[in-house]
Amino acid sequence: MKLGIVGLPNVGKSTLFNAITEAGAESANYPFCTIEPNIGVVAVPDNRLSVLDEMYKSEKVIPANIEFYDIAGLVRGASKGEGLGNKFLSHIREVEAILHVVRCFEDSDITHVDGDVNPLRDIETIDLELIFSDLEIIEKRILKTEKLIKSDKSLIGELELLKTIKKTLEEGKTIRTLSLTDEEVKMVKGFNLLSSKPTIYVGNVSEEDVKDYGENNIYVKELKEHALKENAEVVVICAKIEAEIAELEEEEKELFLTELGLNESGLDRLIKASYSLLGLISYLTAGPKEVRAWTIKNGLKAPQAAGKIHSDFERGFIRAEVIAFNDLVACGSHSAAKEKGLVRLEGKDYIVKDGDVILFRFNV
Ligand code: GDP
């Protein structure tokens, strides 16, 4: 999963991104070697992995991971090529969802590019750049489709959608605020636009305000009201504290969070919110060689889920031996679960569930 961190200058993006890379550096065991400087990879926290590791005495544990892209450099006018505008916009095109960092902390030492702290104005500034960029693409596409439609009437639906989108953009609204049918969503994906990307607002608050998740912060209140209108999620963090947490060992981290009165780090909450925003779940594979979590879209059938491991698994899929994580733990071992008849044989129409521990059988 790829997430892009965007936001105006001086809102705390680099502080958050550095915390992410620091946290990522600690969790070794990645099947990656070269990571570009603007990409931070972190493990998706999943307590089930350590339980399975204990049960199988595995050689290694491989968590699912998320790639965070630091998409810095957005300024007013980016869509017109100001600053590194175009480069910035092309980076957004590559990510599946946007984490929009919004400044909700006061600090007279840290200047705001537009003079004062104002989350809604900041959101509008960024959204407008995405909207301008999308408008350009949509207008070109409308012209092209109008020509093609003369010989291909099947494009009528597409043209209508393009016009609806154009109208929305011209009203200064993002495409993600439109309610679309499943078919329209598919078409929009093909247009590869920016303002259609699912978005989480990250409210960056002070060390003081994060203790109650920004409950008493007026900017967070505004941000939440805005997000509600778009069905978007808000995650309140303090980037500075995230940076401190990232440097701690696991045990110290828990102590530190407890002292602050928090249950989870902001990063962990961000990861959870991203999973839920994108409709993702994890299934697990376990054996003496490795215990591993795999991220898939909720609703995938067994062969496609197997394809996540290897395309051969999907092509030659025969069946899946599935047991729910909780059943496996209750039985104590895979063989005990089998004796109790809790290991199910599922076919190609089985829809994989979060926490399924699966062994795929396939032909090569
Ligand atoms: P970017 O331009 O969006 O990448 O912003 P930076 O991460 O460089 O942060 C800009 C300034 O704000 C730096 O001096 C940070 O130390 C400071 N800053 C970032 N997050 C917080 C925060 O949560 N609280 C406070 N008080 N300052 C912060």
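Note: Cβ is positioned from N, Cα and C throughout, glycine not excepted.
Features as listed in TrEMBL:
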type	residues	note
DOMAIN	1-257	domain 'OBG-type G'
BINDING	Asn10, Val11, Gly12, Lys13, Ser14, Thr15	ATP binding site
COILED	231-258	coiled coil
DOMAIN	279-362	domain 'TGS'
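The coiled coil (231-258) scores a mean pLDDT of 92 in the predicted structure. The DSSP breakdown of the domain 'TGS' (279-362), given as helix, strand and coil counts, is 24 helix, 35 strand, 25 coil. Counting only same-chain residues six or more apart in sequence, the Cβ atoms lying under 8 angstroms from the Cβ of Lys13 (ATP binding site) belong to Ile5, Val6, Gly7, Asp70, Ala72, Val101.
Neighbour count (other Cβ atoms within 10 Å of the Cβ, all protein chains): 16 for Ser14 (ATP binding site). Reduced to three states, the DSSP call for Gly12 (ATP binding site) is coil. Across the binding-site residues listed here (Asn10, Thr15), the residue whose Cβ sits among the most other Cβ atoms within 10 Å is Thr15. Within the same chain, residues at least 6 positions away in sequence whose Cβ sits under 8 Å from that of Gly12 (ATP binding site) are Val101, Arg103, Phe105, Asn204, Ala239, Lys240. The Cβ of Val11 (ATP binding site) has 25 other Cβ atoms within 10 Å, all protein chains considered. Compute the center of the Cβ atoms of Asn10, Val11, Gly12, Lys13, Ser14, Thr15, which mark the site for ATP; besides them, the chain residues with Cβ within 8 Å of that center are Gly7, Pro9, Leu16, Val101, Arg103, Asn204, Ala239.
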